[in-house]
Amino acid sequence: MDNSSVCPPNATVCEGDSCVVPESNFNAILNTVMSTVLTILLAMVMFSMGCNVEVHKFLGHIKRPWGIFVGFLCQFGIMPLTGFILSVASGILPVQAVVVLIMGCCPGGTGSNILAYWIDGDMDLSVSMTTCSTLLALGMMPLCLFVYTKMWVDSGTIVIPYDSIGISLVALVIPVSFGMFVNHKWPQKAKIILKIGSITGVILIVLIAVIGGILYQSAWIIEPKLWIIGTIFPIAGYSLGFFLARLAGQPWYRCRTVALETGMQNTQLCSTIVQLSFSPEDLNLVFTFPLIYTVFQLVFAAVILGIYVTYRKCYGKNDAEFLEKTDNEMDSRPSFDETNKGFQPDEK
């Protein structure tokens, strides 16, 4: 009998009508390629973020760390706790809760630095908070995950991939450190790298969505609970960050800065950690959450920007600045012409 007429060309064992066809490894290859590309692009984004850090100003905030300390409490206190409360209250699956917590433990994103400039925030504080949260995430993310996932780990329903998370965070810190060095030695080149990195960050999000849509097609059947968490989480971060900063006696412009740094997470990092840490079966359940958070953190950031612009127009620029001077800290507020120039237009 001619087996070639009934067996596929790639069959390995044929006997009559019975054939053994090897499983397609296309998804496995694509998954490996995606993980590698995401890691490289994320390293480029974080390298560019480091190029936005001026070492002497960063050290200045370290010497007067009250603003950074408030930001630290927001970043690694409020956000993980909020993620835990939302996860327990909504009753989502343990693996989904872990991803929500990873998002809550992620450091601030570079987008907050741009928005801080647009809302007349403290640019030096914004960049310093982003840098500090990125460096501290190396220890704080595993610690927060250990504390908040204990109820699921002890019950045996989930295993936290600390090794993958640790490798991702180490790979994150090294490019930031190199970027800081480049900005210290070659500030003009660092400014160009920063702009390239901003574009790379957008490409990274699009790439995650497109390739992820191919690999994890069932992930796009999104539970309403994840939509609800993805909506509430960023607005809770913005609001709680603002009120905690105000409660700590920070001036209005720093309150706006802390609010943005708290609510705007590094979603590219979260997506990369999730991609590297979970099995394809788990990714089908959780892959879309970082994208949901990305959408709503940008939506609410745009709302905040719109409210602030309206406020400035209603009060007038001079009146608005006068109101902020009542904080008695305007004399110490850095001038935008003298602060971080990464987001300034090139001089002609």
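Just so it is clear, glycine is given a Cβ too, placed from its N, Cα and C backbone atoms.
The shown structure was predicted, so the numbers you read here are calculated from the model rather than taken from an experiment.
According to the topological domains annotated in Swiss-Prot, Ala116 and Pro224 fall on opposite sides of the membrane.
Residues 80-81, 83-84, 94, 97-98, 101 of the same chain lie 6+ residues outside the topological domain 'Cytoplasmic' (148-157) yet bring a C-beta within less than 8 angstroms of a C-beta in it. Counting Cβ pairs under 8 Å that are 6 or more residues apart, the transmembrane segment (225-245) and the transmembrane segment (285-305) reach 3 or more and are in contact. Each residue of the topological domain 'Cytoplasmic' (148-157) gets a DSSP state, and the totals for helix, strand and coil are 6 helix, 0 strand, 4 coil. Most Cβ pairs under 8 Å with the transmembrane segment (29-49) belong to 158-178, among the candidate stretches 88-108, 158-178, 285-305.
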